[in-house]
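Here is what TrEMBL records for this protein:
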BINDING   THR99, THR100, PHE127, PRO128, SER129, ASP130, ASP206, HIS209, TYR231, TRP260, THR288  pyridoxal 5'-phosphate binding site
MOD_RES   LYS232  N6-(pyridoxal phosphate)lysine
Amino acid sequence: MEKWLETARRYDADDQLSKYRDEFYIGENLYYMDGNSLGLMSRRAEASVLDVMDDWKTLGIDGWTEGERPWFYMSERIGELMAGLIGADPVSVLATNSTTVNIHQTVRTLYQPTEDRYKILVDELNFPSDIYAVQAVLDDYGHGDGLLKAKSRDGHNLETEDIIALMDESVALILLPAVLYRSGQILDMERLTRAAHEKGIIIGFDLCHSIGAIPHELKDWGVDFAVWCTYKHLNGGPGSVAGLYVHPKHHHKQVSLRGWFGNNKESQFDMDHTFDPAADISQYQIGTPHILSMAPLLGALEIFNEAGIADVREKSLKLTGFMLEMLDAEFEKYGFEIVTPRPADARGGHVLIGHENAAGINAALKSRGVIPDFRAPSFVRIAPVALYNSFEDVYHALKILKEIMDDGTYKKFGNRRGVVA
Ligand SMILES: *Cc1c(COP(=O)(O)O)cnc(C)c1O
């Protein structure tokens with residue numbers, strides 16, 4: 001194993017992003033590999049929360065329009081800060097609601113079923129909340145049987161051709177993940193969008209596991225809409241306000257879930273009972289924005305905009321590449337299955353490995369300071385994050401994994417998941 005340590009140190013010495021590590025709170029002797037579930041807190045995120053608290057303390061109600069960070073415009077302001085991460089014009093991006101609410105909002109607004117065209121195409125590997133929301137929309141529109149699921153051949157990844165083969169004249173809308181939350185596979189968003197549009201289908205992506213890990217060119221690809229959470233790779237803190245993109249060509253459509261914060265800002269306080277929708281993405285807001293849950297993003301996103309998503313992606317690929325190389329070379333005898341696709345353009349920011357004792361292995365790793373996460377039924381997900389993990393972290397995490405496999409300590413932990421796995 002020694003030679004891997006030397007390689008790790010050489011990579012770290014070369015790492016242009018290593019200066020950001022000190023900006024994050026990382027526990028002593030902790031190898032945090034779970035930044036794709038909950039990103040760590042940075043000093044800048046902490047400071048921006050305290051700044052917003054200070055505005056509340058000193059300005060009271062005037063915090064809505066006064067100070068350096070007026071709350072009334074904070075959803076749009078944070079949208080601007082995220083635009084570069086998804087390749088979109090700032091005016092078509094917003095921070096608002098939660099991811100699940102944004103799925104309800106975008107799908108309800110853009111889904112316009114007819115008698116012949118009413119299906120919504122999803123995939124069988126997506127996160128449950130996305131499927132619940134889509135099914136609810138179908139039920140409410142009287143098309144409860146309209147959920148069409150692309151199947152996976154191996155139970156882990158999807159083939160682009162298989163998804164495209166399902167795009168026919170009966171499909172009204174498509175919602176797919178950009179990066180699969182388990183296997184880490186990246187879907188070919190550009191090709192899928194082109195194929196959907198050839199059939200006249202609206203297509204959107206859930207970027208929960210891709211934003212902050214890989215670059216996107218949503219505008220160039222012509223993607224109709226996207227949603228994402230901000231507490232994973234974007235480090236916005238637990239429950240931080242989600243993101244939303246809608247292509248400008250749809251901005252004239254009135255949103256389905258209406259509230260006074262979707263009203264034209266100029267007339268919002270006229271308090272008229274007729275909804276006067278904002279002419280742009282702001283229409284997708286519903287009620288009063290969750291200012292305190294947005295505040296950390298002001299600091300957290302500043303780091304991304306400074307570091308640049310291209311460099312983040314380059315380092316992330318090198319981190320997961322290093323991990324895969326070590327797994328191939330040193331772990332053959334333990335019976336791990338590596339589920340994540342190998343090609344760089346098909347691999348997001350995390351690696352999924354399968355083992356029949358995965359829950360016990362996950363618990364044993366945590367007891368030794370390595371923090372991955374377990375995904376039922378039998379997988380451990382490991383995410384080395386470019387902004388705060390080092391190559392030496394990856395080395396230590398895998399060295400500890402090897403130790404618990406060699407000495408069998410994982411067997412002591414039983415093989416059951418916790419309530420929050
Ligand atoms: C994390 C995640 C969610 C979470 O949605 P919330 O509304 O923030 O709870 C939804 N979808 C996917 C694909 C996710 O990875």
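Glycine is treated like the rest: Cβ placed from N, Cα and C.
Just so you know, TrEMBL annotations are computer predictions that nobody has curated.
Keep in mind that what you see is a predicted model, and the values were worked out from it rather than measured.
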Counting other Cβ atoms within 10 Å of each Cβ, which of the binding-site residues THR99, THR288 scores lowest? THR288
With the Cβ under 6 Å from ligand 1 as the test, give me the qualifying entries from the binding-site residues SER129, ASP206, TYR231. SER129, ASP206
Whole-number Å distance separating the Cα atoms of LYS232 (N6-(pyridoxal phosphate)lysine) and THR99 (pyridoxal 5'-phosphate binding site) is 12
For the binding-site residues listed here, PHE127, TYR231, which shows the highest count of neighbouring CB atoms within 10 A? TYR231
Would you mind pulling the DSSP three-state label for ASP206 (pyridoxal 5'-phosphate binding site)? strand
Hey, which of the recorded positions SER129, ASP206, LYS232 is the loneliest by Cβ count within 10 Å? SER129
Once DSSP output is merged into helix, strand and coil, TYR231 (pyridoxal 5'-phosphate binding site) belongs to coil
Would you identify the secondary structure of THR99 (pyridoxal 5'-phosphate binding site) according to DSSP, in three states? helix
Would you identify the secondary structure of PHE127 (pyridoxal 5'-phosphate binding site) according to DSSP, in three states? coil
